[in-house]
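Lifted from TrEMBL, the feature list:
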- 281-300: transmembrane segment (TRANSMEM)
- 372-399: transmembrane segment (TRANSMEM)
- 405-427: transmembrane segment (TRANSMEM)
- 448-472: transmembrane segment (TRANSMEM)
- 478-502: transmembrane segment (TRANSMEM)
Amino acid sequence: MVLKIFFPQCCNIADSGLLIGHWIPGHNSAVVLAVVHYPFIPGQVKKYLNQMQSQSQVHLTVLGSWSMPKEGKEGMDSFLKDLSTIFPQKCWLQLSREIGKTGFTCQVVQNDGKLLQDRKEKNDDDSSEEDKIIFVHYDQRKVMLSQLHPVQEVSQKSEIEPSELRLVFQTVAQSQPLFFLDKYDDGPLKLTHWQSEGREASIIAELLKQASVPVCIFLTWLLSLWHWFCSFRILHSWPVLFISSKLSTCVQSGYRGVHFKTVFSPQKAATHMDFMRKANIFVSFLVDIALGLLLVSWLYRENRISKLADTLVPVADRVAKELQELLEWLMGAPAGLKMNRALDQVLGRFFLYHIHLWISYIHLMSPFIERILWYVGLSACLGLTFALSILSDIVALLTFHIYCFYVYGARLYCLKIYGLSSLWRLFRGKKWNVLRQRVDSCSYDLDQLFIGTLLFMILLFLLPTTALYYLVFTLLRLVVVLFQGVIHLSVDFINSFPLFAIGLRICRPYRLAEGVKFKVLCQEPGTPLHLMMEINPLKFSSVLQCYRTPTYSGYPKDSWAALSKKLFVGELIYPWKQKTTKTD
């Protein structure tokens, strides 16, 4: 049987004493957590272990003895061996380190005093394959602070039995009360383990900790006021809900409200994933505010708001003029195509009338544009995502006439496509069964076939004119949709990108562990095999996939094949429509 002893590096040169640790249940492994130095009182050691066990919920016990030869302490080995009667264990480990050697010698004694193995006297060639001891050295601080992936939730722990390596990580992590001692504490026991910097902190850090509580309470009160305002019945009426669901600014404000409720919740994060989600949301919010303030400082410097307002109306007139010239080109003979003259004139005049209405509306709003942009620029103080959301809504309002053109052309084109497909089934003696959702055979009389032939020919000859208008306005609509899609992707990137996790991966890669690797540390004759356990950090792609914040993102809800089919038959598409359900 192979006995694995996980030994902390900080205890390699510790003074002689007792080994404090934990036996891994179900595995022939022991995790050494600390060394209690001589002199000590056994009663105080037992009391201390009971106190740490109640705080950490880890079954701490005395694993054995540790001998570090020094001058004046020659008889320490025999004294420590006799302590196995005071701290009875199934197996008593007797570790010792000789001067001039890197490796340790180990003796394993049963509770009846029988020596199971003496690695000091046996050589590796004489020992059987089943009787081996392996020392695995580990960095206590890194193992305590790291989180082994994939993360096991509470529901998974009851179904899947944790591995031995995961149990080692959990044991060291749960033993934090054992390590968090005052750096200058002179207690009844002297211990060697990884020691934090102590509970002392700077005055600024302590003031920030004290001030964080009333700040969180105040922000929670503001959030409660906001939720109380949003609970008004008039805000839940159908027109208000419909308009708010279409505006990106309202969607982003609701999303930020959920963020604030999560971050400033008085409840402590129960799991590692909850803590990382809170930290990622908080850091992304700070970065969002910082980028928004930079945008505000750029907009209000050198009077750029006025320059932007003076540029907006001429640009709108230029776009309207280009659309007017495009419609006049379509009303003639575009690309030498022979169009239906009557339908071409009706559609062209119809769309020209809408352009004239839109130009009048722009000129009517031109005196107020600078003031509107001034207040819109101030909204960037709430974050860059708010400014981008407002920009998306402004683009949607300024291109509303293009959207109307697209809807008119798509509806007319879709009507003709479905009419032609239905009349084509009539020629083949078939019809669409609405109840069974299938095509069935059907017999038609002569009058039905004659009328169907007339309608089919009329729709067929009018189709090129309608298809040309539909194609032009669909391309214009897709340009606007792609621009809004870039804005929505930018907002989604800022909201969901795990900045805290990425920073943790760069600065403290051991905090997010994907696994471990071992290398031979020492293999001296007469000593067990010594391995060094190093932590493999999680890959950046896995960090993004694991810690990306769920968002109400506007990704295309259809595949490219489905979008192409909808474009071909003339169905309305909303590839960047905001979803109502969260997506990871």
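Glycine is no exception: its Cβ is also placed from the backbone N, Cα and C atoms.
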Recorded stretch, among 281-300, 372-399, 405-427, 448-472, maximising Cβ pairs under 8 Å relative to the transmembrane segment (478-502):
372-399
What else in the chain is close to the transmembrane segment (372-399), if you only count residues 6 or more beyond its ends and a Cβ gap under 8 Å?
247-249, 251-253, 256, 285, 288-289, 291-293, 295-296, 299-300, 305, 308-309, 312, 316, 480, 483-484, 487-488, 490-491, 494-495
Any residues 6+ beyond the ends of the transmembrane segment (281-300) with a Cβ under 8 Å from its own?
256, 259, 262-263, 308, 377-378, 380-387, 494-497, 499-500, 503, 549
Same-chain residues at least 6 beyond the ends of the transmembrane segment (448-472) whose Cβ lies under 8 Å from its Cβ atoms:
326, 330, 334, 337, 339-340, 343-344, 347, 351, 409-410, 412-413, 416, 419-420, 423-424, 426-427, 570
